[in-house]
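All remarks here apply to the structure that follows.
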Amino acid sequence: MKDNKKIEQIKNHLVDNDNKVLSTNDGMPINDNNNSLKAGERGPSLQQVHIYLDKMMHFDRERIPERVVHARGSGAHGVFEMKEDISDLTIAKFLQKGTKTPVFVRFSTVAGFKGSTDLARDVRGFSVKFYTEDGNYDLVGNNIPVFFIQDAMNFPDLVHAVKPEPHNEMPQAASAHDTFWDFISLMPESAHMIMWVMSDRAIPRSLRMMEGFGVHTFKLVNKEGKGSFVKFHWKPKLGVHSVLWDEAQKISGFNSDFHREDLWENIDNGNFPQWDLGLQIIPEEDEHKYPFDLLDATKIIPEELVPVQIVGTMTLNKNPENFFAETEQVAFDPGRLVPGIDLTNDPLLQGRIFSYMDTQNYRLGGPNFHELPINRSIKQKHNNQKDGFSRTDILKGDVSYFPNSKASGCPYHAMLKGEEIGFESHKEKLQGEKVRARSSSFADHFSQATLFFQSQSEIEQLHIINALSFELSKVNDPKIRERQVAILNQIDKNLAKKVGDNLNITPKDSLDDLTLKFARQNHPEYPLPTKPQEIQKSEPLSMKIEKGEGTIETRKVAFLVDDGVSKESVDQLKNVLESEGAEAVLISSKVGPLKYKEGDIENIQNSYLTDASVLYDAFYTPDGDSVEKLRNNNEYKEFIKDAFKHCKVIGFDKHASSLLKDLDLEKDDAIIIADDENWIKDYIDTMKGHRYWNRELNMKK
Ligand code: HDE
């Protein structure tokens, strides 16, 4: 891969210890890194033990505060390439056709601490820092296009409610507890977001297989100064896929770094993940055309009303050199804009503008965090700001003020030099009284929650019902459970009934009095009449794909083997899977040399001891003397039983198919036996559909 400008810049800061003498932080060579300086071999340390002090002082200060939210994250470098011409909409340089811009992306969970599991049921952060020719632009989004609340004022409360409870710091990385649902059941504006968070979107199969959204409506601004509203979408080339909740919980036990490892390994192996950037453009004149408010971050714009135009592609192609220096120290801020993009008056977005800068100042120890290599713009900064903790830039000359004559007015205003266009805020007419209030156009809390639920396939609806039943069952206070079921009843009667059945609650027709009381703090006449909705069902809100539709690229297939397995049988499927871009992993009873029936030996790295069914997408039991060994192997049986439960494709060689009987499993369309010439095609087509959901539906019936 050719280095981009950002990677080149970072290289100047790389330290390579290879073949180098150990030194103190000042570069003084050290020839004893084992013993501190003492008064006699058995005596006390001396105060002048400076080599030890240098080492220990640094160690003692290694930790910095973790992010107050989104603490758990994984990052990667990449490049964004703009492919379409939208110069009529924006002057942003990185959005001009053909421009390639270095990026750094950080994915995260929200609620858990830095060391928590990747597989928590949670929103995923999807932050992109574009190192553009006009400075850094940060698109700090999520994998869900809406948010829990409408005004930033409620954000600390939301976060306090979802984080571990303050008295006992439990539970970790989980929303299934009283304080979260207490808050949510009093905030009906969260209804739409709750549908998304309780859907399988909140437990992605891979960070590479989730969508990203800017969430808020932003503005693009063209050279005439005309603005257009815009919603940003990232669409993954590998499709959108999730795991089941039962899998998520087991993966958390077997490999809590599952997503981090998956991203790292795939980038290392050259399977560079890609997303298309899509835009929904809304002309300024259409601001009030819809039954929802564009400034309300709890609403989407259905793609049927405003189609998503694909304009460019982002590729992640390089892992960080050092987690702390890059993924931990990267500082995102939705207020980092470039000419051609501007904010809207969304009260959530407005509130974010303070919080990110403020938190970075605290977390990264002062106002010079933008000089850290990962945060540095590739366009050199020039201004009169100076000093502060950990300043690294060395400003030349005697002038650090503006205006000046002593430095000929430098650095000068961008507008003074032709080709350098400075940032101009979009000119917008504003009027109004100074108020603390919520617009009545934000008061429809349920129409889009209903739209989301009704746009889901039968299996997706079932998963939402199961998730809500799980979460609310974990709530101890019955009043909270009832209040939330009353909210669900406003969204969809069937949803409320099913969840209610699982909790022994008969849904109330109206919202709980306490919910109404809090909603009326914002809207005294709540509930307000809702406007008619143009769309009752929106296809793109469902993740369901059918057999043969997707891709199997980068999926992991477990070959369940033991000594004596037939190489010919393994290779028959393995070769085709690899040609389709999938990975075949041999799992045997021991790591190390695997003896094939044909006499060949292969060193393998995975065993029934180290691995589990939930870490794989599909399964195959090849022919060979291994089959009889597997018949009595309980771990093997666990593998297949979980694979069956999780609706995955399970293949058997013709001679291995007798194992099905031992496993007491009924053959279905995703249990594939190699007994005709079409079996490999059938196996791959079924894998493309990701899961065989009919199995789960059949099990329910
Ligand atoms: Fe954030 N958010 N947020 N947020 N957010 C942070 O900034 C905040 C919101 C998002 O990978 C913090 O650097 C407020 C929406 C991501 O480093 C903090 C409000 C969306 C990340 C903060 C919101 C996000 C953060 C904590 C309501 C989707 C991780 C550490 C007004 C569009 C960035 C930090 C990374 C991180 C504040 C709501 C996305 C405290 C006040 C809506 C992806 O500043």
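Just so it is clear, glycine is given a Cβ too, placed from its N, Cα and C backbone atoms.
Bear in mind that the values here come from a model prediction, so they are computed numbers and not experimental data.
Annotation comment: TrEMBL describes 19-41 as region 'Disordered'.
Beyond the ends of the compositional bias 'Polar residues' (20-37), by six or more residues, the same chain brings 45-46, 48-52, 54-55, 58 to within a C-beta distance below 8 angstroms of the stretch. The compositional bias 'Polar residues' feature in TrEMBL is assigned to 20-37.
Sequence annotations record features per position, and here TrEMBL assigns domain 'Catalase core' to 23-410.
The heme binding site annotation in TrEMBL covers Arg67, Arg106, Phe155, Arg352, Tyr356, Arg363. Residue density at Arg352 (heme binding site): 21 other Cβ atoms are found within 10 A of its Cβ, drawing on all protein chains shown.
Of all the Cβ atoms in the protein chains shown, 23 others lie within 10 Å of the Cβ of His70 (active site). Among the features that TrEMBL reports, active site is placed at His70 (among others).
Taken residue by residue with DSSP, Asn142 (active site) is part of a strand. Of all Cβ atoms in the protein chains displayed, 24 besides its own lie within 10 Å of the Cβ of Asn142 (active site). If you look up TrEMBL, you'll see Asn142 (among others) marked as active site.
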For Tyr356 (heme binding site), the number of other Cβ atoms found within 10 Å of its own Cβ: 17
DSSP three-state assignment for Tyr356 (heme binding site): helix
Nearest-integer angstrom distance between the alpha carbons (Cα) of Arg352 (heme binding site) and His70 (active site): 14
Pairwise Cα distance for Phe155 (heme binding site)/His70 (active site) [Å, integer]: 14
Nonlocal neighbours by CB distance (under 8 Å) for Arg106 (heme binding site), same chain, sequence gap 6 or more: Gly73, Ser74, Gly75, Gly125, Ser127, Thr327, Val330, Phe332
Cβ neighbours of Arg363 (heme binding site) where a neighbour is any other Cβ within 10 Å: 16
By Cα-Cα distance, the member of recorded positions Arg67, His70, Tyr356 nearest Asn142 (active site): His70
